[in-house]
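Noted in TrEMBL for the protein shown:
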BINDING   Asn107, His112, Glu117  oxalate binding site
BINDING   His110, His112, Glu117, His162  Mn(2+) binding site
DISULFID  Cys33-Cys48  disulfide bond
DOMAIN    63-217  domain 'Cupin type-1'
SIGNAL    1-23  signal peptide
Amino acid sequence: MATSSSILLLAALLALVSWQAIASDPDPLQDFCVADMHSPVRVNGFVCKNPMEVNADDFFKAANLDKPRVTNKVGSNVTLINVMQIAGLNTLGISIARIDYAPLGQNPPHTHPRATEILTVLEGTLYVGFVTSNQPAPNRNKFLSKVLNKGDVFVFPVGLIHFQFNPNPHQPAVAIAALSSQNPGAITIANAVFGSDPPISDDVLSKAFQVEKNTIDYLQAQFWESNHN
């Protein structure tokens, strides 16, 4: 007869496996589930529109992704096409973004809490990288980076901090990214830590970053602009 401890261990393993199985967008159970943005019902995602009312425009957006975008003060602009722009993406587990980089511009360190990203350089050169999680040594916070040229592809695993930087001081760069969620989310590290509303206590941040409080106060006083459209 199994002991109570072995039963608890088995239950924990089953729970872990079950959690991993639903850790990303669920698979659709029908051909499509076009989001009904006007439904008062709140679910994880969006309620399906009546399929008899679905038309081709539910799967279309004249996004002009071939047109360059104006970049912000960090030198980038992310034009994301997710379920909020194309209702037909609901339950399909994918979205796309065009990213424009000014000369010496960057898409600063950030994470996508719900998506893996695969990025393709369309024009220019990018220096990209990501940092692994706080796992046991020797892989703790390991930094992996690469210089990408036109046509190159790079993958950023789900949830990990990553960035892209255009090292060319004279030419812009452009990339297209596909993300494995209808709503990948984005957390820009500096914006979240120093630009939160209300602000995080400088007592907390000064100890976390091992700097003086006036340094934290200075950073919190900056205007932390988003580069996402």
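Numbers here mean position along the shown chain, with the first residue as 1.
Glycine is treated like the rest: Cβ placed from N, Cα and C.
Quantities reported herein were computed from a predicted structural model and do not represent experimental measurements.
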Candidate with the highest Cβ count within 10 Å, taken from the recorded positions Cys48, Asn107, His110, His112, Glu117: Asn107
Among His110, His112, His162, which are recorded as binding-site residues, the nearest neighbour of Cys48 (disulfide bond) by Cα: His112
Averaged pLDDT score, the domain 'Cupin type-1' (63-217): 96
Residues close to Mn(2+) site centre defined by His110, His112, Glu117, His162, Cβ within 8 Å: Thr111, Ala115, Phe130, Phe156, Leu160, Ile161, Pro184, Ala186
Nearest recorded site to Cys33 (disulfide bond) by CA-CA distance, among binding-site residues Asn107, Glu117, His162: Glu117
Remaining residues near the recorded oxalate site, that is with C-beta within 8 Å of the centroid of the site residues Asn107, His112, Glu117: Ala97, His110, Thr111, Ala115, Leu119, Phe156, His162, Ala177, Leu179, Pro184, Ala186
Which same-chain residues, if any, lie at least 6 apart from His162 (Mn(2+) binding site) yet have Cβ under 8 Å of it: Pro109, His110, Thr111, Glu117, Val128, Gly129, Phe130, Val131, Phe156
Cys33 (disulfide bond) CB neighbourhood, other CB atoms within 10 A: 21
